[in-house]
Amino acid sequence: MGCVQCKDKEATKLTDERDNSLTQSLGYRYGTDPTPQHYPSFTVTTIPNYNNFHATAGQGLTVFGGVNSSSHTGTLRTRGGTGVTLFVALYDYEARTEDDLSFQKGEKFQILNSSEGDWWEARSLTTGGTGYIPSNYVAPVDSIQAEEWYFGKLGRKDAERQLLSFGNPRGTYLIRESETTKGAYSLSIRDWDDMKGDHVKHYKIRKLDNGGYYITTRAQFETLQQLVQHYSERAAGLCCRLVVPCHKGMPRLTDLSVKTKDVWEIPRESLQLIKRLGNGQFGEVWMGTWNGNTKVAIKTLKPGTMSPESFLEEAQIMKKLKHDKLVQLYAVVSEEPIYIVTEYMSKGSLLDFLKDGEGRALKLPNLVDMAAQVARGMAYIERMNYIHRDLRSANILVGNGLICKIADFGLARLIEDNEYTARQGAKFPIKWTAPEAALYGRFTIKSDVWSFGILLTELVTKGRVPYPGMNNREVLEQVERGYRMPCPQDCPISLHELMLNCWKKDPEERPTFEYLQGFLEDYFTATEPQYQPGDNL
């Protein structure tokens, strides 16, 4: 992790600190969970260690690393001598319950109670109304968190994904916390040239001892706002001047309301099934609404699919898993027929998206990026000592902007159907399952890694069924004898080698999801510097 300087005697060029770990050890530079937040706080979550396949659900491990999704946590401290900290709304919000407070972007609030974590009790200084507001929809007045261009704890790859979204012109930019240097920031800009086409350049913003900021020591600023203003007026050595802040999507809420945060068994009557999205072996998936005003996805399970008691126990754990690459569980109806209420993903399953949707036209960079997103979500599950057990494209959901999220984690363990529990029955996903799991029931995070390798083949073949021409029995026999799928057509050899690593016979020889995330995120950029030098900066 050294400072690399371009030595150009003609024109003084400075480079930002480059993260050499890109070329040293792909995947191992990822530390704490990169879920975007404004003000992170760590919690200690008790989740059973499912990677010990002998353990029961009741055996718990205390796992450090679960990141609370709340933007601002704890009791607010006052500012100056006023005794009041004012917050400003960054987005519009429509109240979902009688306890909520509707508001418009730009409204200012006095916070009355911040003890509920993700939901704060507030008074609007615009309307005088009082009620609960989602804490990640507001920021302190005059803070950088309130700026359109500030994206907080956004990872480098997610920054590129957002900046390269359709419709953003050259010069679209954002500022985020640096992943590699504490207290520093990164400026990410959408650029274009004849060689690369549309791409993103990243510049390190350093902090002075006296509190100022700079990209180059020859241009120092008291505030980030002044730095942005300066480079908005002139490129001054950057790839181009800053033109427009990147559009921020609406923040996701991890609960339906403040009331369902802790009491999330809800009445069936509060749900309306509107449009059936899919039909599976064990139930249906619907687009619906909660309370008539909040769009959700509702999975309805056929009676007898699983024990309501076991489901409720597992749901308690699933509700604690909060990550931007996992489909968020909102609420449940635990009496049969069981309803599982989650966030709604507009493009449906990855399998359908690849076979029949917009995914048919995707090129390799998009497909690798989607794989990286899944690996990132699974790396979180890995850190939390949890297991998916049924990882495949049918259980990955797609949203706008090619956002991918993992669904149905943990549910496979609860299914009581004989055609499934036999593990070699007609309903069991043999072609995605590691041999030690299919033959002996040894499900661990390493059997999930095997399944991820199969999912990679689904991506590059646009949803083709694995092991074409072979039935389940033949697959199990051939895999046990050492057979592995050959490299799919038009798939790079390096990607097939990654699949083969996922399919190692010895589970312990398979890579971690942390490694898979790093490898895939840097797949097309491993030979480029992480941070760009500027021209005459």
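In case you wondered, yes, glycine gets a Cβ from its N, Cα and C as well.
From a predicted model like this one, the values you see are computed outputs, not experimental measurements.
Listed features, source Swiss-Prot:
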- Leu277, Gly278, Asn279, Gly280, Gln281, Phe282, Gly283, Glu284, Val285, Lys299: ATP binding site (BINDING)
- 82-143: domain 'SH3' (DOMAIN)
- 149-246: domain 'SH2' (DOMAIN)
- 271-524: domain 'Protein kinase' (DOMAIN)
- Gly2: N-myristoyl glycine (LIPID)
- Cys3: S-palmitoyl cysteine (LIPID)
- Cys6: S-palmitoyl cysteine (LIPID)
- Thr12: phosphothreonine (MOD_RES)
- Tyr420: phosphotyrosine (MOD_RES)
- Tyr531: phosphotyrosine (MOD_RES)
Number of helical, extended and coil residues in the domain 'SH3' (82-143), per DSSP: 3 helix, 30 strand, 29 coil
Packing count at Gly283 (ATP binding site) (other Cβ atoms within 10 Å of its Cβ): 19
DSSP three-state assignment (helix, strand or coil) for Asn279 (ATP binding site): strand
Residue among binding-site residues Leu277, Asn279, Val285 with least C-beta crowding, 10 angstrom cut-off: Asn279
